[in-house]
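To start, the structure under review is shown below, and the notes come after it.
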């Protein structure tokens, strides 16, 4: 059975080993350069950190003075444990399914090369149809999202090149859904990675040593575990409208590291505990940080903010917003039911939203397992082709918004 050209190009993209910590960005940039030449797009590549290019492919609109549309995707993928894969993770192996489809098994298939390839093939399709769009499109391919985006999107949004794009709206990555609805992420929880460090008296393990480092951390741990339990209970309650809550509605707290001591019978003079906290956008981030500081102060510990994001911007999802209205009409016409929610983790959309650009995160994979960062990550060929059609309609709709 012959392979559709779009699928073949997807396989080629997957085979480029843009895997952290040593991604082949040069090979990826060359692939994108070829796509730009074939499709007829303007090509730009700029490194804000050496070896980490931000690539922008542009298609001028008929009214280029209007704010443009950004189609964002990241090119890097997370590492693999090859022993747990059924096939080499960068071979993009085609595996036949019982219903006549094919799985394409590769790291990055869901996260997020199906999205980047979907943009490219959708624009290829629109241009082949002879369509012209009102707004300029910028297909942005950024590095290092999987390690925080600090050398890619974070620097790009601060650059003159970004300001020159005059961005008015953006699409970015979402997540598969094992159910029927199309998950659409209009905001995300903010990472708050904290470390509490305590110092105290040392001594022999047979004694009652007073004012130890560990005992200072215990009440802090207990307070945060109580907060965690309360948030878990809230997650299990329905929203006011009766719908089910998602992780994005609550703040999660997980104790991820504990460090203290050198030997069983020695009371340590220092101890530390680390928490991964993801703050829901409806809470007051500064008040939450102040609470953490008070916990540290009350119990004689030091609070260290390892990573802290202080912006809780969300994008509009009501019919009064012209971009949301156009997006919602396009996805409904394709038979999708959009389900707006807060992304539970972090993506590069947070940089766009902080820069004032509304962004929606969407990956058109419904009735599909969530396999990002998992072993044997895959999408099917029919899902690839559906993604191309999906993005063609959505891009056409949002790029023709006349507001």
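Don't overthink the numbers, they just go from 1 along the chain as shown.
Backbone N, Cα and C define each Cβ position, glycine as well.
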Legend entry - Matching residue for the Zn(2+) 2 site, where TrEMBL names 111, 146 - out of 299, 373: 373
Legend entry - Recorded Zn(2+) 1 site member, picked from 74, 138, 204, that accompanies 111, 173 in TrEMBL: 74
Inset, instruction - Using the structure shown, find which entry in 74, 373 (the binding-site residues) has the sparsest Cβ neighbourhood within 10 Å. - result: 373
Legend entry - Subset of recorded positions (74, 76, 173) lying within 10 A of residue 146 (Zn(2+) 2 binding site), CA to CA, in sequence order: 74, 76
Legend entry - Counts by DSSP class (helix H/G/I, strand E/B, coil) across the domain 'Peptidase M20 dimerisation' (186-302): 40 helix, 38 strand, 39 coil
Inset, instruction - List, in sequence order, the residues of the same chain other than 74, 111, 173 whose Cβ lies within 8 Å of the centroid of the Cβ atoms of the recorded Zn(2+) 1 site. - result: 73, 112, 115, 145, 146, 172, 347, 372
Inset, instruction - Name the one residue among 111, 145, 173, 373 whose Cα is closest in three-dimensional space to that of residue 76 (active site); these are the recorded positions. - result: 145
Legend entry - Cα separation, residue 145 (active site, proton acceptor) to residue 173 (Zn(2+) 1 binding site) (Å, whole number): 11
Inset, instruction - Output the one of 76, 111, 145, 146, 173 that, of all these recorded positions, has the highest number of other Cβ atoms within 10 Å of its Cβ. - result: 145
